[in-house]
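Sharing the features that Swiss-Prot gives for it:
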ACT_SITE  ARG142  active site
ACT_SITE  SER184  active site, proton donor
ACT_SITE  GLU254  active site
Amino acid sequence: MIIDFKKYSSVRIGNEFEVLVLDQICDFDGFLIGGANNLLISPKPKNIGILGDGFDFMQILDQNKDFIHLRIGCKTKSSKIYRFAKENNLKGFEYLSKIPGTLGGLLKMNAGLKGECISQNLIKIATSQGEILRENINFDYRFCPLNMPFFWAEFKLNFGFDTLKDEALKNARSNQPSGASFGSIFKNPKNDFAGRLIEAVGLKGFSKGDAMLSDKHANFLINKKNASFEDAFFLIELARKKVFEEFGINLENEVIII
């Protein structure tokens, strides 16, 4: 299928490219784009794919008065998972209200917020290389070591949706800028914040073409209208360079560039 990434990606940057649709569990030597929410696509990406609609599902495998065992397809959107958890009084997915994307992408980056992350209630993932148990996956902060396609995952959740945590997590992201963006550019370094470091080197609000390091939160890149890949990439590398020169800290990408 043909996807126009200027319309499909959250940052609204990119051209039209052929994307392979994976309708069944299989090997794929390339990159799965998911919802393209934390993605910056170059003018010449290699081998890109997307899961078929058959992997957009939520299935209850088992439940009792204490917990529920779910299988969720990796094309399922975070907003759908959040709504299901809230409507069914399930604890553990409250933070998904503020993290856009599909389950596959959430797992790939071990997405989370304020100490919560997607791997916490995980049982296993179905990959192109078979089913892999959570205890055999060395997740870390915004990191999953598995370099293969994901198709579905299973979770065990307790009952008791936490409304107080839900509100607190929503407020935690109230300072995020609006507009076309791929979310955070960089992961936060240990004991510090990427946004603070970028602001400290004078780049908050700095623009190149229609790409801008947000004047509300410096670790967000905003596409003001028609930003190019080159404009966005320039700002990312400029911020990395300036922070390293000033603080000796090498910022690590949270955005995926392909």
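For all residues, glycine too, the Cβ spot is worked out from N, Cα and C.
Map the listed features onto the structure and describe their local environment.
Taking the Cβ of ARG142 (active site) as centre and 10 Å as the limit, one finds 19 other Cβ atoms among all the protein chains shown.
Remark: SER184 (active site, proton donor) has ASN38, ALA194, ASN219, PHE220, GLU254, VAL255 as non-local neighbours, by Cβ distance under 8 Å and separation of at least 6 in sequence.
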